[in-house]
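Record features (TrEMBL):
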- 29-214: domain '3-hydroxyacyl-CoA dehydrogenase NAD binding' (DOMAIN)
- G34, G35, G36, L37, M38, G39, D57, E122, K127, S149, N173, K305: NAD(+) binding site (BINDING)
- S73, K80, S149: CoA binding site (BINDING)
- H170: site 'Important for catalytic activity' (SITE)
- 216-313: domain '3-hydroxyacyl-CoA dehydrogenase C-terminal' (DOMAIN)
Amino acid sequence: MAFATRHFVRAAASSAAATAAAKKLIVKHVTVIGGGLMGAGIAQVAAASGHTVVLVDQSDEILKKSTKGIEESLKRVTKKKFADKPEAGAEFIEKTLKNLTTSTDAVAVVHSTDLVIEAIVENQEIKNELFKRLDKFAPEHTIFASNTSSLQITQLANSTTRQDRFGGLHFFNPVPMMKLVEVIKTPMTSQKTFESLVDFSKAVGKSPVSCKDTPGFIVNRLLVPYMMEAVRLFERGDASKEDIDVAMKLGAGYPMGPFELLDYVGLDTSKYIIDGWHSLEPNNPLFAPSPLLNQLVEEKKLGKKTGEGFYKYK
């Protein structure tokens with residue numbers, strides 16, 4: 001009798017798990033808001049994995065640039081993936097581009113989407129306004145996700161009426177190459193939504209990791225304070241920026257030193273992140289602003305994109 005009871009319990013649990021899994025949303029149609037490097041990269045990997053994708057931005061000119069960038073990226077991918085099969089590579093590019101369309105009207109395209117991924121400027125008010133507007137027109141089942149790297153997902157979710165269908169999907173640049181996606185679950189995100197976002201991440205060929213809605217999630221929470229501490233080390237005169245970079249590359253095995261990475265990311269971006277975290281936790285020494293970083297940003301020396309940051313670039 002005990003065996004029969006255990007068997008029944010296991011069978012019931014298995015049945016319940018199967019029912020729960022069946023309720024998960026299988027994402028087929030994706031809307032990506034933002035045609036910059038991140039948005040275009042997300043659109044590319046989603047389209048390449050068989051999803052129907054609409055890439056949205058404010059103008060056709062931006063979208064043409066985005067599409068051209070995606071085509072060039074796909075050609076680079078196929079050179080490696082289909083090195084000995086050029087015909088298969090051409091077919092892969094054709095299929096991917098067929099899955100991708102563009103639009104300047106976000107409201108119109110969210111009527112038939114399963115997942116909205118926002119990848120626009122890192123501005124709380126602008127993001128909130130976007131989500132608030134789209135919330136009125138998207139179907140009830142549609143999941144909203146933000147690719148933000150520094151803002152709280154909870155605050156973004158609170159601009160909508162679908163807090164349980166809202167999470168974070170933090171991809172890394174360049175999206176087609178980087179395998180990681182951080183899946184962020186807020187206290188209101190339902191388990192069904194979370195599992196759907198994990199499944200989507202796997203479907204586009206990424207390796208998802210899970211994190212609560214904490215500043216910087218996993219990677220940036222560790223990476224940004226590390227870079228800021230390198231700046232403080234330099235500010236104190238303890239070591240030169242060149243020696244700090246060499247030390248971390250040869251001693252820790254990092255591909256870039258902290259100052260090289262800061263210039264690559266953009267000093268304005270790094271300052272924006274640390275300033276935001278400092279406002280949330282002003283007594284946390286890891287989030288203390290840097291006078292030198294502030295000065296360089298004020299002088300418009302933002303890194304590689306402006307030709308000068310901590311280093312000069314030709």
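Just so it is clear, glycine is given a Cβ too, placed from its N, Cα and C backbone atoms.
All TrEMBL annotations are machine predictions without curation.
When the C-alpha distances from K80 (CoA binding site) to the binding-site residues G34, D57, K127, N173 are tabulated, the minimum falls on N173. Summarising the environment of N173 (NAD(+) binding site), the number of other Cβ atoms within 10 Å of its Cβ, over all protein chains shown, is 14. When pLDDT is averaged over the domain '3-hydroxyacyl-CoA dehydrogenase NAD binding' (29-214), the result is 96.
In this structure, the C-alpha atom of D57 (NAD(+) binding site) lies 19 angstrom from that of H170 (site 'Important for catalytic activity'). It is G34 that, of the binding-site residues G34, G36, has its Cβ surrounded by the most other Cβ atoms within 10 Å. A distance of 6 Å separates the Cα atom of H170 (site 'Important for catalytic activity') from that of S149 (CoA binding site).
Its Cβ taken as reference, M38 (NAD(+) binding site) is surrounded by 21 other Cβ atoms within 10 Å in the chains shown. It is S73, among the binding-site residues S73, S149, whose Cβ has the fewest other Cβ atoms within 10 Å in the structure shown.
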